[in-house]
Amino acid sequence: MSSFKVAVLLIAVYGASQGTSIPGGWTRQDPTEARFLELAHFATSSQTEGREFYDTVVTVKEVETQVVAGMNYKLTIEISPSVCKIGEVQYSAEQCVPKDAQQKSTCVAVIYHVPWQNQKSVTSYRCE
């Protein structure tokens, strides 16, 4: 193989390994950052329809972000029913601990956030 082809191949492999993203595409983030746990609790606590108890976040497994006119956050999370009854208490990440940490579901939430307009909303939330 010519040295030119080898150089092009090495540059392509290096670029791919650096996690370069497509403009407007989703970019992986570190799921251990505290801000993502806060967003996960925000999304999960908003899901009350048809439930007697709030669900709570057990762990944030994956996070992807997308720059739009604001920011989209796609969170893959594990949730579990909490000890907090809807209508009796306000959701709190500290107080609404799992009833049974073994009973988990995996969910994907998309949160749209426009900080300069003080706007944050859950645009999608689905569980397996």
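The backbone N, Cα and C atoms fix where each Cβ goes, and this holds for glycine too.
The disulfide entry in Swiss-Prot for C96 points, among C84, C107, to C84. Each of the disulfide-bonded residues C84, C96, C107, C127 was scored by other CB atoms within 10 A of its CB, and the lowest score goes to C127. Mean pLDDT for the domain 'Cystatin' (29-116) in the predicted structure: 97.
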